[in-house]
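What TrEMBL records for this protein:
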type     : residues : note
DOMAIN   : 46-447   : domain 'Amino acid transporter transmembrane'
REGION   : 1-39     : region 'Disordered'
TRANSMEM : 78-103   : transmembrane segment
TRANSMEM : 115-139  : transmembrane segment
TRANSMEM : 159-181  : transmembrane segment
TRANSMEM : 193-214  : transmembrane segment
TRANSMEM : 276-296  : transmembrane segment
TRANSMEM : 316-334  : transmembrane segment
TRANSMEM : 361-381  : transmembrane segment
TRANSMEM : 387-409  : transmembrane segment
TRANSMEM : 429-451  : transmembrane segment
Amino acid sequence: MISHQAESGKWTTTQSKSDVHVEDEEIQAGVGREDVKDHEHEVSGTGTWKHAAFHVATTIATPAAYAPLPFAIASLGWPLGVSSLVAATLATWYSSLLIASLWRWNGKKHVTYRLLAESIFGFWGYYSIAFFQQVASIGNNVAIQIAAGSSLKAIYKHYHTHGTLTLQHFIIFFGVFELFLSQLPDIHSLRWVNGLCTLSTIGFAGTTIGVTIYNGKKIDRETINYSLQGSSSAKRFAAFNALGTIAFSFGDAMLPEIQNTVREPAVKNMQKGVSAAYSVIVSTYWQLAIIGYWAFGSQVQPYIVASLTVPKWTIVMANIFAVVQISGCYQIYCRPTYAYFEERLVSDTSKSSASMFRNHLVRLTFTSIYIVVITLVASAMPFFVDFVSICGAIGFTPLDFVFPVLAFLKAGKMPRNRLLCISMRILNVAIAAWFSVVAVLGCVGAIRFVVEDVKTYKFFHDM
């Protein structure tokens, strides 16, 4: 008997002890071992395409993702920067549609990214995706916790100019709030939070774009320089780092998990939700990236809000929008880790008071450990753009650019039209090859920046 366990606070569909038998055909499909607990039990999602759009927009279009884009373009220059931004947008939109189309590709649902990978690539697919998801999840949450702390500190300094609280205090405050949200049972239970976060995304983008234009017009345009800064070596590594930053900006390592919350027809609803989310992404990313670089040139800060000076109240508003949006994104990315521990530590799924109390206590324990670790790393090394680039290169590039196109080719889901089939094969191979190179270059650039920052700043530096 399968129990969904929404009432008792379970995050994932779970198999009871009496259901240890697994059909041979399921094992042959690539589902075995402890993955039975994750397996695609026929429990239909209830979310609409609008809910899917909220979730996708929340996971991708965060202030931590597009606030560093002007800095990335400044590291690449106008032609390469803008072309890289447009290419990354189109590539991830296309890849997301491919992932959505692989729902039930072999007749069975694959409710997590790692199970989808295992069904196509086998053992190594499962563990490769599990590794990349954890890198993306942890790296993303470190980066956005730094961003949230920076925004909270900026709000505080607006009202208390000589206040003594540091960035680390606000990183801790944000961590405590995320611990509270972590007690919600699953991604679908966050739908209203993510709806608010999507509105905050639009609010942040609109406010920041408007204030950036205002600041850009106030600056003497003769003083703005668009040339690449530093030595030849510095320019090269900055460009590598920028590629990782752009990859991070389009990161979404949770598409199958989100699609599992969507009602049938899941493929159509998910693709519609993805396209709706990308309409928000295009309208915000491109404008802020281009306008931010236009306004401040090569002197733009890694976190665009830090470049803004007037009017003060609008900067406070932008930071409030940023914190609200980031709070939902953080939750989306910590869920795979929570589910992993949930599967192994919560065994009694009965609805008795004692069982429910134990399960909530166990959940509180491992969510607390997770958030303490993330908070400690973010506080000790608050190098925002470094974590953004590393996470983009090592985590999101394989998950969002390389794996989807290779999985689609391997699954044999090509169209029957010969010309279209050949065109898609060429396109998929080209995307996989180019973004594999981007992953390597982005990682090299990010590691160099981390080494330089560690030399420059002490641990727990108040940035």
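Glycine is treated like the rest: Cβ placed from N, Cα and C.
Of the Cβ pairs linking the transmembrane segment (115-139) with the transmembrane segment (387-409) and spaced 6 or more residues apart, 3 or more are under 8 Å, so the two regions touch. Fewer than three CB pairs closer than 8 A are found between the transmembrane segment (159-181) and the transmembrane segment (387-409), and contact between the two stretches is not assigned (pairs 6 or more residues apart). Listed as Cβ neighbours of the transmembrane segment (276-296) (distance under 8 Å, sequence separation of 6 or more from its ends, same chain) are residues 49-50, 52-53, 56-57, 60-61, 66-67, 69-74, 78, 81-82, 85-86, 89, 93, 96, 198, 201-202, 205, 208-209, 212-213, 215-216, 219, 224, 226, 249-250, 304, 307.
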